[in-house]
Every structure is written in C-alpha cells, then in structure tokens.
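First up is the structure itself, then whatever we jot down about it.
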Amino acid sequence: MSLFKILVAAATVATALAAPHEHKKPHPSYGDANAQCGNHQKLSCCNRGDSGGVLDGLLGGNCQPINILALLPIQNQCTNQVACCTGNSNGLINIPCTNVNL
C-alpha cells in the first residue's frame, strides 16, 4: 500500500513540474504588436483625446502609422495608445482603429 502512495505522489509532482508556464515579454516588440493586426491594417500610435472615454484616441483622427524595425520595443516608439488602423473612415458608423492589448 505504501508503494502505491509513493507512486501517486511522484506522479503528482511530475505533473506539476511538467505544466507549461506562460512567460510574457516585459517589453513587446513592434512585431509582437503588429501580429495582432489583421489584413490591411497598420500598427499606429494614437494620441489620447480629451473625452477620456472607451473610444478615446481610437477614432482615427489622432493616429499616426508606426514604421519601425520589428525588433525594437514598441514602448520606445509609442508612449500613448497602440492601435491597428485601416485608414478607412468611410461609412455611417465607422471606427477605423482598434486597440492593441500589450
């Protein structure tokens, strides 16, 4: 009976040690952020507006494309909100930029 307990304990420890751990990068690169953008979207830096709301800075008027090397940390190039923008502002209801979660 004690051999069974030892085997169960060893299997439990081995399973816990083999569990994958997620390691987040402290400073995501341009390439990491750009990977969240879809087709025909450009990674952009959006200035914060005065409204303070959910759509603050994401309506496209204050966004500038980021053209930078893929290896550099994105915080070095954009200290405001990073977003994926289509550059298209045609239509009745249109939000040309979406937030990038870093």
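Residue 1 is the first one shown; counting continues down the chain.
Placement of Cβ uses the backbone N, Cα and C atoms for every residue, glycine included.
Here Swiss-Prot flags 1-18 as signal peptide.
As annotated by Swiss-Prot, disulfide bond applies to CYS37-CYS84 (among others), with the evidence given as similarity to another entry. CYS84 (disulfide bond) carries a strand DSSP state (E or B). Within the same chain, the residues at least 6 positions away from CYS84 (disulfide bond) whose Cβ sits under 8 Å from its Cβ are GLN36, CYS37, GLY38, GLN41, LYS42, LEU43, SER44, CYS97, THR98, VAL100, listed in sequence order.
Taken from Swiss-Prot, the feature disulfide bond applies to CYS45-CYS78 (among others). Its Cβ placed at the centre, CYS45 (disulfide bond) has 20 other Cβ atoms within 10 Å.
In the three-state DSSP scheme, CYS63 (disulfide bond) falls into the strand class. Positions annotated as disulfide bond by Swiss-Prot: CYS46-CYS63 (among others).
Per Swiss-Prot, disulfide bond is recorded for CYS85-CYS97 (among others), and the stated evidence type is similarity to another entry. CYS97 (disulfide bond) falls within a strand segment according to DSSP.
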Task: Integer Cα-Cα distance in angstrom, CYS78 (disulfide bond) to CYS63 (disulfide bond) - done: 11
TODO: State the count of C-beta atoms found within 10 angstroms of the C-beta of CYS85 (disulfide bond), not counting that atom itself.
DONE: 22
Open item on the list: For a quick check of packing: other C-beta atoms within 10 Å of the C-beta of CYS97 (disulfide bond), how many?
Closed with: 25
